[in-house]
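A quick write-up on the structure given underneath.
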């Protein structure tokens, strides 16, 4: 069980080797975002938060396995789209609004774009992707837009273990 | 005519049991059920809405600043939401189905219950006997006794489990995989499924009215998949180069990775053809070597020229005999005294040679078309291509990249691409003047004229050069010079062609920088086109020279062996030049830029050029399979070495490309290029050789025949003579294969199928437009209803 090995080595004192009794162990976010797959990713906090049961970012082993299974090659596209939406939804209101977009852009470009450019990009993105006219992107809008770039879900949105 | 049957509509006024009478025509029932639903959801989501209200309060400052007029319709409820008195509206809005995706477990489970119920309905139509009277009879058949919105979490889970049971196993596993619940929940569901399987399994079996083939096919598919996953987990050798590919993907991203995956695919193709040829042709001829032994000794130079010791070896066509191996009549003629231990199995070498080459080509064709279909299906999307800015923001980040420097590079790349896209939008809004446009068109035309003329120039040069080399060769033969010199001369033509193939792409890159195209993708496609044109035209000329035998191999007895040797030399030279190009293009450039120029800029890994080199090498292999059956083995060795060399050079010397390349579209482009100019050209060449060219008189499996294909005719006549019952075979051969009408018919069918598919795609595009309009209308309806709700709540408060 390679994943269990990885989970264990992050905190060997806390994580038991024996999981048959289903112990209630959660690792805090600080430990998990130091993993090599996540360390340099600008969305690492959001990724860990979307998979944690309590929303705070601490992952139990089940959540950990969940995260790697969704971000693997074999997960179905609909599931990946749902979690991608969750990751980009910074204020967890089930819509990607302008604030979420601004935060995404800042993380993507490490704040290299000027404020004017950011506003322009956000407006254009909402204009392009919002289909029902409510000024923000719902899950249906997001899924429709992602389906136009099929290689994102199949190739880029995954960790290579 | 008969009267229409009497039709009475019994609509129940009973609003409590509105579960069963859920007909949209019954407006009263609809309104009351909506009210109850609201009450239900608001009481369930009480705790959730408190959190939501707090979040909305926090998130408000960002919402308050929409400047454009399109959001003014939304402004009103937006401003109204500030007041805590509108908590009713907020509560209702918070429990809308679109806001609960992925939020509460209950909502997810009910959503998936509906989805599985719909799937089940689709798979089994209800029988007409169960029709009972209603306004919408089609709704009546379905199991609407249980309303999942009212049930508790446990009931909902068991309902979902029940629905899942009634699906087929493949649908069930697919549904379970795509449910966005946590692992613990999925395990609980699976446990319930296993518990409920025995008593309900039979009922589901009856209800679904299954076709036994369908169910067993699903089980077989599932079983195979499980076995394959277990194999993959156990055998790391089943996934060769897994760690190396992970390293490459982690540092350079998906686009560079796709080059190495393409290399792996080519390796598999070659291993496959090599195995077929080995088993049916090479191994058997090796077991029965011909009478005359190999006179020449092995010197190292053969590896480069393919001549010398290799000429009379398994590598080339000339070695293979035209006799039937292990023929019982032959052994009886030789009059052996000892009786054979087992009856000897005769093996007709010429037929085996021809059929094996044909089968390996056919199998490669099928594999290619299948992978093209597969990757095309993944990458092609029906619908408009607008929306690239949104796609760039959400889909540009490659999560596989984990190294700090590469991540920083990716950020910079995305930033540059976003700025370029914005600049493009700005420039699109102010179009170029007529003068500028004319200038641009003139530059484009000039660039194309230049590249076409260079192609023509190269072809003419190769033609005259080969004639010159032929003359030199004849001189040397007359002078009886040393064998080293003679063989060295043979290498000059492949050297020149490889030199041209290596230098011209750099010239085309220069042309492209001078042209300065707007879109980098178009630039890359044009570079690929030009390079491909050059390579294919030069290969075409060489094929013509080989087959006409006026220049190359004109005075050889065994011209097929000569052509095979030439192809071997081309392959080896191609490999040598790829090596040199890697060393000089990447290693030396990096050293110079680090030591002399002191810049951190490393050379980029040029994916297009490298892929075209791979395709060129593969074309040479396919062209040469008929003349040198072991050529796929040489290509396998070459590809193995190339993988390690390219990987090492990449890791040490290169940086990721800055131009945007989409990995799936690249895969489609590579496989299409491999299929259409490359494989098709090789297939045409081989077919022409088999059908119309006279094989040599004194060597090879087809000595003395008019064309290679005549051996099949000979065999067919032999079969006819031996057993008169199989005249249908000769009839088949005569009317289907030789007659051109059948081929025209096949191409007509293919064209009809293509036209049909094009029309289907057009219809789908039209439907997509209609659906988009519908979604926009629904959005407007929603806003209108929210307004009304808001004003009703306000009125109530005022009255209260």
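Cβ atoms here come from the backbone N, Cα and C positions, even for glycine.
Please treat TrEMBL annotations as automatic predictions, because they have not gone through curation.
Model confidence over the domain 'TMC' (B:558-664) is summarised by a mean pLDDT of 88. Per TrEMBL, the feature domain 'TMC' maps to B:558-664.
According to TrEMBL, the region 'Disordered' annotation covers B:1-29 (among others).
What TrEMBL lists as region 'Disordered' is B:41-87 (among others).
Residues or ranges marked as transmembrane segment by TrEMBL: B:265-288 (among others). For the transmembrane segment (B:265-288), the list of distant contacts is 314, 319-321, 325-326, 347, 349, 352-353, 355-357, 359-360, 363-364, 367-368, 371, 614, 618, 621, 625, 629-630, 632-633, 635-636, 639-640, 643, 671, 674: same-chain residues at least six beyond its ends, Cβ to Cβ under 8 Å.
Here TrEMBL flags B:300-319 (among others) as transmembrane segment.
Taking Cβ pairs closer than 8 Å, the transmembrane segment (B:351-373) reaches residues 265, 269, 272-273, 276-277, 280-281, 284, 320, 622, 625-626, 629, 668, 671-672, 674-675, 679, 683, 686, 690, 701-702, 708-709, 711-712, 715 in its own chain, all 6 or more past its ends. The annotation transmembrane segment is assigned in TrEMBL to B:351-373 (among others).
Marked as transmembrane segment by TrEMBL: B:441-465 (among others).
If one looks beyond the transmembrane segment (B:489-512) by at least 6 residues along the same chain, the residues whose Cβ comes under 8 Å of a Cβ in the stretch are 304-305, 307, 447, 450-451, 454, 458, 461-462, 465-466, 469, 472-473, 476, 523, 526-527, 530-531, 534-535, 538, 542, 552, 565-566, 569-570, 572-574, 576-577, 580-581, 609, 612-613, 616. Among the features that TrEMBL reports, transmembrane segment is placed at B:489-512 (among others).
What TrEMBL records for B:524-547 (among others) is transmembrane segment. Proximity of distant same-chain residues to the transmembrane segment (B:524-547), defined by a Cβ-Cβ separation under 8 Å and at least 6 residues beyond the stretch ends, is recorded for 451-452, 454-455, 458-459, 462-463, 466, 497, 500-501, 504-505, 508-509, 511-512, 517, 553, 563, 566, 570, 608-609, 612, 615-616, 619-620, 623, 659, 661, 669, 673, 677, 681, 685, 688-689, 693.
Residues annotated as transmembrane segment in TrEMBL: B:669-691 (among others).
Feature annotation from TrEMBL assigns transmembrane segment to B:741-758 (among others). Tertiary neighbourhood of the transmembrane segment (B:741-758): same-chain residues 735, selected by CB-CB distance under 8 Å and a gap of 6+ residues from either end.
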Exercise for review: For the transmembrane segment (B:441-465), could you work out the same-chain residues 6 or more beyond its ends whose Cβ comes under 8 Å from its Cβ atoms?
Suggested key: 493, 496-497, 500, 504, 507-508, 511-512, 514-515, 530, 533-534, 537-538, 541-542, 545
Study note, to complete from the structure: Per the Cβ filter (under 8 Å) with a sequence gap of at least 6 from its ends, the transmembrane segment (B:669-691) is approached by 258, 262, 265-266, 354, 357, 361, 364-365, 368-369, 371-372, 375-376, 528, 532, 536, 539-540, 543, 547, 611-612, 615-616, 618-619, 622-623, 625-626, 707-709
**Study point:** DSSP-assigned states of the domain 'TMC' (B:558-664) in counts, ordered helix, strand, coil
**Key:** 80 helix, 2 strand, 25 coil
